[in-house]
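Scroll down for the structure; my scribbles are underneath it.
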Amino acid sequence: MTQHSAVIHDHKLRRAASIGDLRELARRRLPRMVFDYIDGAAGEEDTARRNQAAFQRVLLKPEVLIDVSTRSTATRLFGHDVSMPIVVGPTGLNGAAWEKGDLCLARAAAHANLPFVMSTAATVGMREMDAAAGRLRWFQLYMLKDRGLVREFLQQIASYRFNVLELTVDTAVGGRRNRDIRNGFTLPFRWTAANLFDSARHWRWSLQMARHGVPSLQVFADLLGSAARGSTISEVMQQQISASFTWNDIAWLREQWQGVLVLKGLVAPEHARLARKVGVDGAVVSNHGGRQLDGAGATIEALPAFKESATDALTVLIDSGIRTGVDIARALALGADGVQLGRATLYGLAAGGEAGVTRALEILGHELESTMALCGARTVTEMRGRCTMTDARHALFEAETA
């Protein structure tokens, strides 16, 4: 496992032993409305809870009397060497968690030799990101109604040397997130008396916001100008993100983008078959961390059948519910080529900026490496198949390999 170059000075971060510890540090530092935006999910949050619980039903197979003195978490994703089977995934409004949060995530990923995915809902622009991101830079895109704008986006993405385009496909409409509704969370922030009082109690966060300003959707703002500035998140979504795009639009995008194309938000084996048909390169088995459709099954439950249908034609990643290196090992054992992180690195960001993200990646890397060793796996590839699901009825789909 590659050693991260960022130095962690904060003793609280150094003492954090798990992603759960970083979550608690983030909860203490952030006002409730911001923490709930990161931590919350759609509806009653059933899907979010199921995502995590389902990982615990995947039992790893311990192995003994195998020489694991030499082992490595390194692997390859889309032709690039990475230190771990981890992608720091796309998350929006990161500037609400920490000043220039997108840059913190990008720098920590670069130091760890891991891919970073810049979100369309980033709070810094591509020009600023260009100076911070490493060579493993991906960009997450929503399909916009105006194809001319999509073409402009693609030109910018290519000009700033993003080598993977990740299209989110599970946001035809925004999920109804009850915590955000109760807290009145919007961008720009809606300063109710309760929010003002709570922010004053979290004075370090408030001081940072006062010094650097309330974050805005900078990528949207740069591309769309005044149409995005001053709008709430929901307004931008409603105005620009298409609810009518289909597999035909994916085929069109494939023609427009010559680089690696990944679809984020697929779950069913049929999705894998259609993705292969239109010529995409990879897929993220994802339910948006439970932030879109509440009541959906867990992604780890969908993974085995999806991977079987995808065959080796697609690189398959998984997100939603990953909180430990053990979870990463479980995903690898069930066929994933890697995982994509959302909340796990956001908790680190909110707890301590770039150093917090670095600590999150250190924790996950150490947990993954020790888990692999105890399973008798010296490489990421050797983790394949070293598990069993406690109850096959929890698998969401039967494979469709035709």
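Cβ atoms here come from the backbone N, Cα and C positions, even for glycine.
Keep in mind that TrEMBL annotations are predicted by a computer and have not been checked by a curator.
Features of the protein shown, as given by TrEMBL:
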| type | residues | note |
| --- | --- | --- |
| DOMAIN | 11-393 | domain 'FMN hydroxy acid dehydrogenase' |
| BINDING | TYR37, TYR142, ARG177, HIS288, ARG291 | glyoxylate binding site |
| BINDING | 90-92, SER119, GLN140, THR168, LYS264, SER286, 319-323, 342-343 | FMN binding site |
| ACT_SITE | HIS288 | active site, proton acceptor |
For this session: For HIS288 (glyoxylate binding site), just count the other CB atoms lying within 10 A of its CB, please.
Result: 22
Problem set entry | Annotated glyoxylate contacts TYR37, TYR142, ARG177, HIS288, ARG291, maximal Cα-Cα distance (Å, integer) | 20
Problem set entry | Of TYR37, TYR142, HIS288, ARG291, i.e. the binding-site residues, those within 10 Å of ASP319 (FMN binding site) when Cα atoms are compared | HIS288
Exercise. Among all the protein chains here, how many other CB atoms are within 10 A of the CB of ARG343 (FMN binding site)?
Worked result: 26
For this session: Calculate the per-residue pLDDT averaged over the domain 'FMN hydroxy acid dehydrogenase' (11-393) and state the result as an integer.
Result: 93
Exercise. Hey, how far is PRO90 (FMN binding site) from HIS288 (glyoxylate binding site), Cα to Cα, in Å?
Worked result: 10
Exercise. Taking the Cα atoms as reference points, how far is TYR37 (glyoxylate binding site) from ARG323 (FMN binding site) in Å?
Worked result: 18
For this session: Work out how many Å separate GLY92 (FMN binding site) and HIS288 (glyoxylate binding site) at their Cα atoms, rounded off.
Result: 12
Seminar exercise, completed: The binding-site residues listed are LYS264, GLY321, ARG323, ARG343; by CA-CA distance, the one closest to TYR142 (glyoxylate binding site) is LYS264
Exercise. Do you know which of the binding-site residues ARG177, ARG291, ARG323 has the most other C-beta atoms within 10 angstroms of its C-beta?
Worked result: ARG291
Problem set entry | Between ARG323 (FMN binding site) and ARG291 (glyoxylate binding site): CA-CA distance (Å) | 16
Seminar exercise, completed: Rounded to a whole number of Å, the separation of the Cα atoms of GLN140 (FMN binding site) and ARG177 (glyoxylate binding site) comes to 21
For this session: Show which residues of the chain containing LYS264 (FMN binding site), separated from it by at least 6 in sequence, have their CB under 8 Å from its CB.
Result: PRO90, GLN140, GLU166, LEU167, THR168, VAL169, ASP170, ALA283, VAL284, SER286, ASP319, GLN340
For this session: Sorry to bug you, but what's the C-alpha spacing from HIS288 (glyoxylate binding site) to ARG323 (FMN binding site), rounded to the closest Å?
Result: 15
Problem set entry | LYS264 (FMN binding site) in three-state DSSP notation | strand
